[in-house]
Structure formats: C-alpha cells, structure tokens
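Asker: Pulled the feature table from TrEMBL, pasting it below:
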type     : residues : note
TRANSMEM : 81-114   : transmembrane segment
TRANSMEM : 135-155  : transmembrane segment
TRANSMEM : 161-183  : transmembrane segment
TRANSMEM : 204-224  : transmembrane segment
TRANSMEM : 230-251  : transmembrane segment
TRANSMEM : 272-291  : transmembrane segment
TRANSMEM : 303-325  : transmembrane segment
TRANSMEM : 332-349  : transmembrane segment
TRANSMEM : 355-372  : transmembrane segment
Amino acid sequence: MTPAHTPLQEAQKFEVTPLELFFDLVFVFAVSQLSHHLLEHLTWRGAAETLILLLAVYRTWSTTSWDAAMLGVNGPDARGLLLAVMLLGLFMNAAIPTAFSGGVWAFTLPLVVGQLGRSFWMMWRAPTALFREHFQRTSVWMVAIAPLWMIGALVNSEARLGWWAAAALLDLIGGWLGHPIPGRRLNTERLPFDAEHMLERNRLFLLIALGETVLTTGTAIAAAPMSPMTVVTGTVALAGTVALWAVLFGRTHALTLQHLERTLDPLRMGRLATNTQVLIVVGLIALAVANERIITHPFSPPSLALTLLLFGGPLLVRLELALYLWLLDHRVHWGHLIACAVLVVAGLLTLTTPVFVSLILSGAVLVVLALLEKP
C-alpha cells in the first residue's frame, strides 16, 4: 500500500480530565487580570501592553495543554507538567497589573522558567522519537526567545514594550510554524493525534473568555445605580455576549467536526484552531471592557476607544472564524465577512452618539447576525 493510500492510524482518545479543568482556573484569573489592566489603561499603550501580556498568557496555556495531550493527560508526566505550570502561572498572572512597572520580575521569571522547563521536560519525556526531535527544535526556539523577555525586564518600561513585543511575536510565529529549524520540521500528515480532545480544550478556554464578559457585565451592574438605563445596558450587553456564544458554538463547531471526520492531518487541524483562537480571546476581552465602562458610565460622550472595543471586539471574533474556516477547507465563508462589514458600518454610525446608544446598536447587530446564521 502506497503512503498516499495509507489509512490514518487511530489515536488514543482522552476525555478532558478534572485536572485540566483545575489547571484552567489559573487562566480564568489571568483573563480577569488582563481585562482589568486594559480597563485601567484605556490608551493605545495600554492596549499594546494588554495584547503582549495576553499573548504570553495564552501561549503558556496553549502549549502546556498541547504538551499534556501529547503525553497522555491521565499519565503522571502530564499531571506533573500541569501542576508545575499551574504554580508558575498563578504567580505570573498575579503580576499582570505590575508587569510594566514594579512587578516586572514577578511576571518574567515564572514565564521564562515555564517556557524553558516545559520544553526541556517534553524533550526528555516525549512519547516517541519523532516528538522528541520536535521538542528539541522547540527548545531551540524557547532558548532564543527567553533572552528577549529577560532583556525587556532589565530595561525601562518604554523600551520593555518593544523587547516584549518581539518576544511575544517570535513565540507566536514559532507556534504557527511548528517550531522548525533549517532543514528540519515536523511533518504532521497522517500522524495519530487526538484532535477532538484539543478542540474541546479550546472550546473550554473560549468559555473562560466568554465568562469574563458575563462577569464584567455583572460587576458593572452591581457598581451602577439600579435604574432603567442600567437594566437596558446590562440586558443588551448580556444579549450581545449570548449572540457571540451562539455563533462560536453553532455552525462553525459543526463544520469543524465534519472536517475532523475526514482529515488526514488532525494535528494540523487542532493547531490551527489553537493558534487562530487568540483573536477571539482578544475580541472578547475588548468587548468585556467596553460593556463594563458603558454600563457604569452610560451617558459619557462619544469615545473612539470605546467604539473600537465595542465593535472591534466582535469583529475580531468574526474575522477569526472566517480565517479559521478558510484555512481549514480553503473556502470563503461570506457570512462572517459580511458580519465584519456590518460591524464596521455600525461602528462608524455611532462615532458621534452617546456611548449607551453605541452599546444598544452593537447588541442589536450581534443578535440579528446570530439569528441569521445558518443552522
């Protein structure tokens, strides 16, 4: 039988374990910290800081989750890895508010130790020779990236932004490309992998991000005076979040499962979902911050920053779905692109309106777009 006709070997299947869910709790904390950081620094620089910190946090979660899946999530190697990174992640995420000020080392050291330690652990404990070679290459990337984080911690906060942006970008590129080095890279086609497990892990992380929008909405309602305006803005904010939940867990998920049944490269499919999903997380954090600010200050004058967050957040969600599905099946999914265009137009229409009007229009647009989604 030729390689082109070799059937895909069945990978061992694992349910998501309680320890994986327990591990995720540290990143519930992280998403909350990130949204509060952006809320307190609602400037271009604050947005850049939040994005860099988010990339560091998300890459920590995603790479650890992937490595645990490769080890077999029920085994002692995976459990030890999850608990070790959980401890480091707790301290790293606690330092998010001060990462660009006095708490720089409290953020940097757990991050770098986690990156290097995880890579070296996987290089030692990888289940196959093929994966061992892959993690040798991954370790090369991590060793190259670590000095950028360290140098950034040593310089002043202005220069730190550039060094850390370079580190986060290089880490993101490495994940997208599968950490190749010249002449050597992992060929994932027909490689057995439990992609369904990782897709479920991704869905759970999306629930974390969606949960943050609900929590910030609830916190804002509690902080605002109970008035008809608070009832309206709180209801609309939740309706918009529900609409995004329906889109994320509706047709796109069904198309993903259909593709999973026939793909010969489940590992690539899972990696695409994980790598593109960061856009959704960025978008949901942006929306959470906009909802919180508008519910507590509904009569504020027009704000470009809030308009960008309120409409740009959902736009990123739709853009990610269009990109992911195109990478998956090489087809243009016009529904998501049309939704992006509608959000742009709606955002432009509210540039001169009070912010509560922007929120109402945003919520209405998100609900209508979700209702028009094909089942």
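A Cβ is built for glycine as well, from the same backbone N, Cα and C atoms used for every other residue.
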Asker: Using a threshold of three or more Cβ pairs below 8 Å, and leaving out pairs closer than 6 in sequence, do the transmembrane segment (135-155) and the transmembrane segment (272-291) count as in contact?
Answerer: no
Asker: May I ask which of the stretches 161-183, 230-251, 303-325 has the most CB pairs under 8 A with the transmembrane segment (355-372)?
Answerer: 230-251
Asker: Could you give the residue numbers and ranges of same-chain residues that sit at least 6 residues beyond the transmembrane segment (303-325) on either side and whose C-beta is under 8 angstroms from one of its C-beta atoms?
Answerer: 42-43, 240, 244, 247-248, 252, 255, 272-273, 276-277, 279-280, 282-291, 293-294, 331-333, 336-337, 339-340, 343-344, 346-347, 350-351, 355, 358-359, 362, 366
Asker: Given the transmembrane segment (161-183), which of the listed stretches 81-114, 135-155, 204-224, 230-251 has the most Cβ pairs that are under 8 Å apart from it?
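Answerer: The listed stretch sharing the most Cβ pairs with the transmembrane segment (161-183) is 135-155.
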Asker: Counting Cβ pairs under 8 Å to the transmembrane segment (135-155), which of 81-114, 204-224, 230-251 comes out on top?
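Answerer: Ranked by Cβ pairs under 8 Å, first place goes to 81-114.
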Asker: Six or more residues beyond either end and a Cβ under 8 Å away: which residues meet both conditions relative to the transmembrane segment (230-251)?
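Answerer: For the transmembrane segment (230-251), the list is 203, 206, 210, 213-214, 217, 220-221, 224, 280, 284, 287, 291, 294-295, 298, 314, 317-318, 321, 356, 359-360, 362-364, 366-367, 369-370, 373-375.
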